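According to Swiss-Prot, the protein carries these features:
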- 1-23: signal peptide (SIGNAL)
- C35-C48: disulfide bond (DISULFID)
- C37-C46: disulfide bond (DISULFID)
- C85-C391: disulfide bond (DISULFID)
- C94-C131: disulfide bond (DISULFID)
- C94-C99: disulfide bond (DISULFID)
- C99-C104: disulfide bond (DISULFID)
- S106: phosphoserine (MOD_RES)
- S143: phosphoserine (MOD_RES)
- S145: phosphoserine (MOD_RES)
- R187, T189, W200, S252, H255, R287, R300: FAD binding site (BINDING)
- C208-C241: disulfide bond (DISULFID)
- N280: N-linked glycosylation site (CARBOHYD)
- N384: N-linked glycosylation site (CARBOHYD)
- C394-C397: disulfide bond (DISULFID)
Amino acid sequence: MGRGWGFLFGLLGAVWLLSSGHGEEQPPETAAQRCFCQVSGYLDDCTCDVETIDRFNNYRLFPRLQKLLESDYFRYYKVNLKRPCPFWNDISQCGRRDCAVKPCQSDEVPDGIKSASYKYSEEANNLIEECEQAERLGAVDESLSEETQKAVLQWTKHDDSSDNFCEADDIQSPEAEYVDLLLNPERYTGYKGPDAWKIWNVIYEENCFKPQTIKRPLNPLASGQGTSEENTFYSWLEGLCVEKRAFYRLISGLHASINVHLSARYLLQETWLEKKWGHNITEFQQRFDGILTEGEGPRRLKNLYFLYLIELRALSKVLPFFERPDFQLFTGNKIQDEENKMLLLEILHEIKSFPLHFDENSFFAGDKKEAHKLKEDFRLHFRNISRIMDCVGCFKCRLWGKLQTQGLGTALKILFSEKLIANMPESGPSYEFHLTRQEIVSLFNAFGRISTSVKELENFRNLLQNIH
């Protein structure tokens, strides 16, 4: 009798467990969980967490930054898209309409931007005007003031400086043209396949301090890779010094950011009358879903946040350069220029207040000789990547690739110029540290792209929430 009652109670208990939900299988992960479950908490080599960045960027910074980037000073970027590829000759040009770039007509660009003196402060501009006037009057060099000669020499020296992390375009070249970035937005162009893979393969395989024996996960140009190769790669990566590991993560973060943009501004529908652009959830999942990418997607997104922190830190450190009274965002429209400078300083002070900035003091520490060599290797590798952008077969992709690598290169230049920035005079020309207009425009637009990516991650997270 006791056994019978025991069996009955056990059976009733099992029925109760099933009916109450206990013992049920867990519901399958949502698509949002597969893409974002690992994209949370603290970032490697940092004291900052993803959630703090999301709140700061999406609600305090993003709206004001977008307003600034829509202004004339930041929307016009001069670029040479016709420079030949320095590494190989067989470039396959993308023939799709969406790959094309529409340059500005001469009368579309404000005169203040086109003038040769836009790079410098008001006092420096006056010195250049003196130089230009002397040249127009046919005066000999001796007629220039000693101060002017010194300024011109210093600027020339700086523009050829070994502190630059990018090989910048010669904007005086007849092939360099102004492009309206708002009319040529970064979005999906259809440029993909072996030609696009080749660009990224050269960047990762030859410029990220990686030996050939170490295989990169999910390399589309390699075959037969598995879990062992992935484990070997990350064991190698973790064994690198912090500088080389950071270099790889910056490039991976930039790659991830670009892929977010392409997924967020995808050509969804095309008719004779219009094109419809929007979020392509499938495209995003193929690039970042933890299962579809064998765990790589979430890692790439965390590297995007790392890139965000690096550029955010650079902007916080360069504030004194823009605070100088004679610095202008000069376009020729005095009222607009003053308003834009106020907005710029407001944004930079907001960035300065960010509580968990990346600490770059761990970079290039230790033995001075070794640190100097490592910094030079770091600079040359990144400079080489900026040259690879001239090999991109899609002109729209080339435009944004050149701008974003120059922007990141400018951020690195700022991070490693702390003493020069601290020693700048409060007014007058800054001989030791200055930024050209090209560097300023690329710096803020590049950060604007990363800021947009972080904002778009919130949009994709919401879109994927109910998809399994």
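Using the three backbone atoms N, Cα and C, a Cβ is placed for every residue, glycine included.
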Review point. Could you state the CA-to-CA distance between H255 (FAD binding site) and C104 (disulfide bond) to the nearest Å?
Key: 28
**Study point:** Euclidean distance between Cα atoms of C208 (disulfide bond) and C99 (disulfide bond), Å
**Key:** 28
Point to revise | By Cα-Cα distance, the member of recorded positions C85, C94, C208, S252 nearest C35 (disulfide bond) | key: S252
Study note, to complete from the structure: Nearest by Cα to C397 (disulfide bond), of the binding-site residues W200, S252, R287, is W200
**Study point:** Maximum Cα-Cα separation in Å among residues R187, T189, W200, S252, H255, R287, R300, which the record lists as binding FAD
**Key:** 22
Check your understanding: So for C208 (disulfide bond), how many other CB atoms are inside 10 Å of its CB?
Key -> 20
Review point. Which residues in the same chain, at least 6 apart in sequence, have a Cβ under 8 Å from the Cβ of T189 (FAD binding site)?
Key: C94, R96, D98, C99, C394, K396, C397
Check your understanding: Do any of C104, C208, N280, R287, R300 (recorded positions) have a CA within 10 A of C391 (disulfide bond), and if so which?
Key -> none
**Study point:** Residue, out of the disulfide-bonded residues C85, C99, C394, C397, whose Cβ gathers the largest set of other Cβ atoms within 10 Å
**Key:** C394
Check your understanding: Distance between C241 (disulfide bond) and R187 (FAD binding site) at the Cα atoms, whole Å?
Key -> 35
Check your understanding: If you count the other Cβ atoms within 10 Å of each Cβ, which of the recorded positions S106, W200 comes out on top?
Key -> W200
Check your understanding: Rounded to a whole number, how many Å is the Cα of R287 (FAD binding site) away from the Cα of N280 (N-linked glycosylation site)?
Key -> 11
**Study point:** Length of the line joining the Cα atoms of S252 (FAD binding site) and C85 (disulfide bond), in Å
**Key:** 22
